[in-house]
Amino acid sequence: MKLGTIGVGNAGSKIVDKMVEFESLTNRKLCRHVMVINTARTDLTKPDHIPENRRVLIGDTHQKAKGHGVGGDVDVGAEVAKNDMDEIRRAFDDVDIHEVDAILVCASLGGGTGSGAAPVVIKELQKMYDEPVYGLGVLPGKYEGGRPALNAARSLQSFVNNTDNFIAFDNDAWRSKGQTVGEGYEGMNRELATRIVTLLGAGEYDEATTAENAMDSSDIIRTLDTNGISSIGYASTTVNNNGDGLLNRFREEHEIEDTTNSAAKINGLVRRAVNSRLTLPCEVSSADRALIVLSGPPSELSRKGLESAREWIEKEVDTVEVLAGDDPRENASALSAVVLLSNVTETPRIKAIQEQAVEAQEKIAEQEAVREEEIANLIKDKDGKIDPVI
Ligand code: GDP
C-alpha cells in the first residue's frame with residue numbers, strides 16, 4: 001500500500017527512519033510521505049533518512065518543554081500537541097494525502113512525547129482524512145519500572161480508541177541480554193521495520209505486475225479493519241545471497257534452512273513465522289483475522305504452498321478470515337513470510353503492564369499525599385518558634 005508515515009517522539013522517529021532505510025535497501029515503495037514530530041530538538045537531528053523539511057519541532061514555546069522534550073510526562077506531551085495543532089496541521093497541508101491508502105503513526109508508549117502527543121495527532125488525522133489511520137506502538141519492558149508502564153497503560157487506551165488498528169511491539173519480548181540499550185534498540189527497530197515494511201509494502205511496484213496471486217492493499221486494509229490490537233510474525237530464508245552487507249544485517253536473526261520443494265518450503269516458512277517471536281506475544285488462536293504475505297523472487301513463489309499455509313492458519317487461528325497473497329520481487333535475495341494477526345485479545349504483556357501501572361499510580365498518589373507534610377516537617381523547627389521571612 002501507499003503509506004503516509006509519521007513518527008512521534010524519539011522511538012517513533014527512529015522506527016520510521018529504519019523503515020525508510022529498509023525500504024530503500026529492498027527497492028520497495030511504501031512510505032510515500034514521511035514526517036517526524038518531536039518536542040526535543042536534539043532528537044530531531046537523529047534520523048538519517050528523513051528530509052530536513054519533514055522534521056517538525058513542537059512545544060518550543062511551552063514553558064515545560066522549550067525544545068528540550070517533556071521529561072517523560074505524557075500529559076505535557078498531549079498538551080503540547082494540542083497547543084501546537086495549527087503548526088501540525090500546516091505540516092500535514094504540504095502532504096497530498098489523497099495519494100496514500102492509509103496513514104501510520106509510530107511512537108513508543110512508555111515515554112512522554114510519543115505516548116502523549118501521538119494520540120492527539122491521530123485524532124486530528126482521523127478528522128482531516130477519510131483514509132484509515134493505524135498506530136504502531138512500542139510497549140515498555142517490565143524492567144523499565146512503573147512510570148513507563150503507567151504512561152503505556154494510559155496511552156494504549158487512547159491509541160486503540162482512536163486508530164483503525166494498533167500494531168504492537170513489546171520491548172520486553174525483544175530485549176537481548178548482553179547488549180547495551182542502544183545496540184538493543186537498533187536491532188529491535190531493524191526487526192520491526194523488516195516486518196512492517198514487508199507486510200504493508202506488499203503489492204507496490206514501479207511497474208504493473210502480472211502476478212496472479214499478488215497481494216492487494218485492499219486485502220491488508222480489510223485485515224486491519226478490526227479496531228483492535230495486532231501482532232506480526234515473520235520468517236525468511238536466503239535464496240540467492242548477493243553479499244549485500246547492510247541488507248544482511250536485517251536478516252541474520254531469522255534465517256531458516258532451505259527445504260527441497262518450494263511448496264513445502266513455503267508451508268514451513270509460514271508456520272515458522274507464526275511460531276516465531278511475535279511483535280506482541282499473544283495467543284494466536286485469539287486473533288480475529290489473519291493475513292499472509294509471501295515475498296521473494298517469482299520463481300520461489302508457489303501457489304500450492306501458499307494455499308496450504310493459508311488452510312493451516314485457518315485452523316490455527318480458528319477463523320475463516322484468512323487472506324493470503326504474493327509479493328513478487330524480481331531481484332530479491334530472500335524469500336520471506338509475514339503473518340499479520342489482527343485483533344488479538346489474549347496478550348499477557350498488556351495485562352502485566354496494566355497491573356504494573358495500577359501499582360505505580362497508587363504509589364505516586366501515596367507519595368504526593370505525604371510530600372507536603374514531609375517538607376513542612378523538614379523546614380520547620382520542632383516547636384514552631386521561627387517564622388518565615390515572607
Ligand atoms: P519520547 O520521545 O518522550 O516519546 O520518548 P521515547 O520514545 O524515548 O520513549 C521511551 C520509551 O521508548 C521507553 O519505553 C524505551 O524503552 C523505548 N525506546 C526508546 N528508544 C527506543 C527504540 O529505538 N526502540 C524501541 N523499541 N524502544 C525504544
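Count begins at 1; order follows the chain as displayed.
Positions of Cβ are set from backbone N, Cα and C atoms, glycine also.
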Coiled coil per TrEMBL - which of 14-41, 70-97, 126-153, 350-377: 350-377
TrEMBL annotation, GTP site containing Gly112, Thr113, Gly114, Glu144, Asn189 - matching residue among Asn165, Asn171, Asn213: Asn171
Packing count at Gly112 (GTP binding site) (other Cβ atoms within 10 Å of its Cβ): 29
Close in space, distant in sequence - Thr113 (GTP binding site), Cβ under 8 Å, 6 or more apart: Val8, Gly9, Asn10, Asn38, Thr39, Ala40, Gly69, Val70, Gly77, Val80, Ala107
Extent of the GTP binding site in Å [max Cα distance among Gly112, Thr113, Gly114, Glu144, Asn171, Asn189]: 19
In three-state DSSP terms, the structure that Gly112 (GTP binding site) belongs to: coil
